Amino acid sequence: MAASHPYFNLPDFTQPSPPSTPASLPSKHHHRCGPSNATKGLFVALLGGGLSAGFVGPFSRMAYQTSQLPSLELLIFRCLFHLPIALLLKFRGDPLLGPPDVRVRAFLHAILNVLSIGCAYSAVQVVPAGNAVTVRKGSSTVCSALLALCLESQGLSGYAWCGLFGSTLGLIIIVGPGLGTLQEGTTGLYTALGYVLAFLGGLALSLGLQIYRSLHFPSCLPTVAFLFGLVGLMVSVPGLFVLQTPVLPQDTLSWSCVVAVGLLALVSFVCVSYAVTKAHPALVCAVLHSEVVVALMLQYYVLYETVAPSDIMGAGVVLGSIAIITAQNLSCDKEGQTEE
């Protein structure tokens, strides 16, 4: 009975006590640091979107120079590479046209992308490939930043604005001297039309990216990729026979360019669509300016077209701006829980 008295309920000092762990020192073995979503999106846009798309413009110009391949016919060949995605959607049991509640927006996204690509392919046939890509990417970056501010109230940091300003300045340095040809009669008129088409292509691209960010349903990416091919064929096939003359490529070089354009454009489409869901659309478009640098290199080494010193200086400014944007967004997310 005496042992049950509270004064006798003392700890047994004869037994060793368990080792104590400081409560203030968390364990370092239960969390990892991985790249953030914005970092992943920007790297995908840089490596998969910008670099692959940089080959599309010069290859399109090569196909036009060797076989006089019309822009709408090139768009048809590109859309054909998107149609096999229907097999993936059927295999997964998803509707080909997307859920009924978002079907209109998905079709609008496809129409804007087809318009953007059609304008881009038409522009590279009348102006140098590097300049056409420059104007298109510059307008898409500026329009994406303005649309994000107006529609989403999504601001940017000071470093991001610095990178956007630098990349746009680099594009102006590249394309500015070429605007002097606008005063050379009929040639200048076609040149002006090419720059206008490139600008409209960038505007349509920025609108399409904003619409894609509002689509949230399973298999969104393969659905919009398939719709791009479907809508592109519906628009370009009648337009080819009404506005242009169909040409069947006869040489191996033309067919190689057509296949390369289709595959590289599909890779770029998928990567850009993924990246814009992870990072700010204006930053994604700014990183895609790497396409301009690749196009200028191919313009000089493959197409043997003149690259002015202003092109080289502008390309350097663009690369520096991309480095600023990428470095500012290099952050990591901690994975896992920290134990106390």
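Along the chain as shown, the residues are counted starting at 1.
Glycine is no exception: its Cβ is also placed from the backbone N, Cα and C atoms.
Taken verbatim from Swiss-Prot:
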type	residues	note
DOMAIN	51-176	domain 'EamA 1'
DOMAIN	274-327	domain 'EamA 2'
REGION	11-33	region 'Disordered'
TRANSMEM	39-59	transmembrane segment
TRANSMEM	69-89	transmembrane segment
TRANSMEM	107-127	transmembrane segment
TRANSMEM	160-180	transmembrane segment
TRANSMEM	189-209	transmembrane segment
TRANSMEM	223-243	transmembrane segment
TRANSMEM	257-277	transmembrane segment
TRANSMEM	283-303	transmembrane segment
TRANSMEM	307-327	transmembrane segment
Residues in the domain 'EamA 1' (51-176) grouped by DSSP into helix, strand and remaining coil: 99 helix, 0 strand, 27 coil
DSSP-derived helix, strand and coil totals, residue by residue, for the domain 'EamA 2' (274-327): 40 helix, 0 strand, 14 coil
Distant-in-sequence neighbours of the transmembrane segment (69-89), which means Cβ under 8 A and at least six residues beyond its ends: 60, 63, 95-96, 114, 117-118, 121-122, 125, 219, 222-223, 225-226, 228-230, 232-233, 236-237, 239-240, 243-247, 249, 254, 258, 261-263, 265-266, 269
Arithmetic mean of per-residue pLDDT over the domain 'EamA 1' (51-176): 82
